[in-house]
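Here is the structure we will look at, set down as structure tokens.
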Amino acid sequence: MTDIRHLTFPTAAGASPEVPIDWRQEGACRGEDPSLFFAPDGPEHPAERAARIRIARSICAECPVAALCDQYATATRQRYGIWAGRDEDDRLREIRRQRRWVRHGGESRLRPASSASATCAGGAPA
């Protein structure tokens with residue numbers, strides 16, 4: 001029988017980590033104003049954005065489930081908001097970093113594209 005308190009999300013590496021769906025009940029952000037974690041629909045002054053993100057990150061820094069929050073945001077490719085103290089740009093950088101990783105010769109471990117491509121081409125690893 002499936003434990004309905006957990007969801008499984010695919011990741012860039014192909015693994016499917018189990019993420020408890022009730023982790024949000026333990027989040028430091030629970031009860032906080034969601035507008036701290038998500039940009040307004042309209043324009044936002046850069047100083048206001050910086051202040052909003054700083055406050056959100058300070059809340060995330062004290063969060064007991066930040067690791068699960070980050071795992072969820074990464075696995076589900078959250079495009080908006082502050083999750084585990086990381087904003088949209090932080091997550092986009094992480095996604096791009098993950099995309100640079102390639103499988104190496106059918107082995108289960110992953111290597112950065114730069115070192116794997118030399119080995120796959122018959123050369124020595126960089």
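Backbone N, Cα and C atoms are what each Cβ position is placed from, and that goes for glycine too.
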(request) Examine the ranges 7-30, 55-78, 103-126 and name the one recorded by TrEMBL as region 'Disordered'. (result) 103-126
(message) Quick check: which same-chain residues outside Cys29, Cys60, Cys63, Cys69 lie with their CB within 8 A of the centre of the [4Fe-4S] cluster site CB atoms?
(response) Gly27, Ala28, Ile59, Val65, Ala66, Trp83, Ala84, Gly85
(message) Please identify which of Cys29, Cys63, Cys69 has the densest Cβ environment, defined as other Cβ atoms within 10 Å, among these binding-site residues.
(response) Cys69
